[in-house]
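Visitor: Found this in TrEMBL, in case it helps:
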type	residues	note
BINDING	93, 94, 139, 252, 530, 531, 559, 570, 571	FAD binding site
DISULFID	466-522	disulfide bond
DOMAIN	296-310	domain 'Glucose-methanol-choline oxidoreductase N-terminal'
SIGNAL	1-33	signal peptide
């Protein structure tokens with residue numbers, strides 16, 4: 001079957017099947033009678049933000065909530081499902097639902113979701129000041145709706161460093177896994193990567209495992225055997241429907257505080273619905289009630305600053321009333337830099353996203369994807385990690401990478417044979433980058449992205465590890481298993497790679513031992529794998545229990561609190577964290593009566 005470059009390229013029979021599946025439910029939920037259940041029936045507590053009545057919601061009546069969670073993403077959904085077992089919860093999500101969205105629900109459309117820059121897209125496009133293209137999730141389920149699906153846990157040393165209870169951690173991961181995680185059917189490209197990793201010494205082979213272990217392994221995936229994505233939004237099926245309200249298209253403008261006491265006290269949130277109308281949701285006055293921000297590494301510090309918690313000078317510049325001066329909000333941002341090599345083939349390859357990973361002792365992770373750049377349309381679009389434009393615009397300085405420059409670049413590719421892009425990518429990601437950046441406000445509009453800087457490779461150790469990683473990837477591309485799979489001899493491979501470099505498409509040039517050249521390659525071709533983190537660090541913005549320092553009744557629970565990205569890919573640990581903290585909060589509040 002031809003690889004898709006867009007919905008129009010799908011064979012007619014597949015489109016008919018896709019339509020039928022989406023008519024029923026993109027989430028495979030069955031009743032006891034074996035019938036498909038529409039998502040509206042499975043999640044009756046999800047509704048549009050405009051249905052919320054501000055007039056009937058105030059702090060003095062029974063409709064005030066025990067917990068208000070800002071952000072229905074990777075951490076927010078399992079957190080809301082857990083807290084709703086015992087208390088009333090309001091979950092506010094700025095995007096729509098992932099169900100019945102073909103770009104989210106099907107692996108074949110992974111690249112289309114990233115290429116969609118429309119206001120209703122599940123991914124919100126942004127360009128960091130470094131000049132790297134990126135996406136933020138804007139949908140219930142968060143990053144689990146637009147990522148490559150790979151599921152792997154954090155290692156024991158990470159758990160210990162985070163100060164988490166290992167027993168509860170080991171109970172929380174399976175809670176996620178039983179609901180939405182699958183064992184992948186290993187694609188040919190992934191098998192070639194696995195065998196090549198072992199051939200060049202990234203050993204031992206650890207088989208299929210969720211555990212973070214040195215060597216080569218096959219991890220879990222949130223795509224099932226039919227290629228359907230299962231997101232964090234499906235964890236809401238474990239909620240108590242009588243105690244949970246989920247509002248979609250609810251964009252939180254700011255958290256509201258009572259500043260009459262010694263410390264500011266969170267009392268509610270102000271949000272905008274899909275029609276632009278403003279509402280206010282109130283927090284219950286019951287002891288223990290809290291607002292929890294779970295809007296991700298960019299969204300959470302952004303919300304805090306819009307609410308008046310952040311660097312005083314920056315807030316005053318935009319006339320935001322200062323609730324709490326904290327210079328660390330939005331600081332220490334980090335993104336794991338990704339560099340890739342495209343390996344061409346003389347035939348179509350099956351689409352695959354990350355299934356195999358090499359966990360090296362050189363401080364880099366090796367992963368792979370295939371089959372998303374094989375149509376004429378694909379090479380003219382930015383599809384993120386699956387794009388033929390990986391590391392695009394490498395000859396243009398970052399600050400000159402304007403939309404006009406991007407369009408000119410795309411036009412220049414029209415005469416490039418699309419056969420050149422037939423194949424797959426080998427990905428090299430730095431494990432624990434030392435380079436740090438920050439986010440800062442541009443406007444007071446919550447819909448606008450803040451200014452985001454990651455300072456890729458500003459630390460020399462990161463650059464050295466990238467060079468080491470590229471050399472590993474080159475070895476894989478030239479290994480016996482890969483040359484057998486691609487049916488390219490060394491001369492043919494070098495010719496294709498050199499041709500692609502001349503065409504200004506970011507494919508790897510022929511092998512070189514010139515360190516300076518590889519350092520420049522790393523800098524020019526850096527992209528993201530969406531594993532950014534930081535901005536609300538423990539000890540600087542929040543306490544070890546995730547309560548925001550200096551204010552009452554406010555926590556942050558998500559990847560913005562991480563010093564390092566967990567495991568090779570963070571989604572498993574972020575979801576686990578939502579469940580873990582939900583159970584922990586209930587046990588702290590109810591003791592043994594929590595029953596969890």
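A Cβ is built for glycine as well, from the same backbone N, Cα and C atoms used for every other residue.
Unlike curated entries, TrEMBL annotations are predicted automatically.
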Visitor: Spatially, and counting Cα to Cα, which of the binding-site residues is closest to residue 522 (disulfide bond)? Options: 93, 530, 559, 571.
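Guide: For residue 522 (disulfide bond), the closest Cα among 93, 530, 559, 571 is found at 530.
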Visitor: How many angstrom lie between the most widely spaced Cα atoms of the FAD binders 93, 94, 139, 252, 530, 531, 559, 570, 571?
Guide: 25
Visitor: Quick one: give me the count of other CB atoms within 10 A of the CB of residue 139 (FAD binding site).
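Guide: Residue 139 (FAD binding site): 29 neighbouring Cβ atoms within 10 Å.
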Visitor: Averaged over the whole of the domain 'Glucose-methanol-choline oxidoreductase N-terminal' (296-310), what is the pLDDT?
Guide: 98
Visitor: Give me the CA-CA distance between residue 139 (FAD binding site) and residue 466 (disulfide bond), in Å, as a whole number.
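Guide: Rounded to the nearest whole number, the Cα-Cα distance is 33 Å.
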Visitor: Counting each residue once, how many in the domain 'Glucose-methanol-choline oxidoreductase N-terminal' (296-310) are helix, strand and coil under DSSP?
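Guide: Counts, helix then strand then coil: 11 helix, 2 strand, 2 coil.
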Visitor: Given the recorded positions 93, 466, 530, 559, 571, which one is most crowded in terms of C-beta atoms within 10 angstroms?
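Guide: Going through 93, 466, 530, 559, 571 one by one, the largest Cβ count within 10 Å is at 93.
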Visitor: Sorry to bug you, but what's the C-alpha spacing from residue 466 (disulfide bond) to residue 530 (FAD binding site), rounded to the closest Å?
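Guide: It is 17 Å, counting Cα to Cα.
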Visitor: Rounded to a whole angstrom, what is the C-alpha distance between residue 466 (disulfide bond) and residue 571 (FAD binding site)?
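Guide: So the alpha carbons of residue 466 (disulfide bond) and residue 571 (FAD binding site) sit roughly 23 Å from each other.
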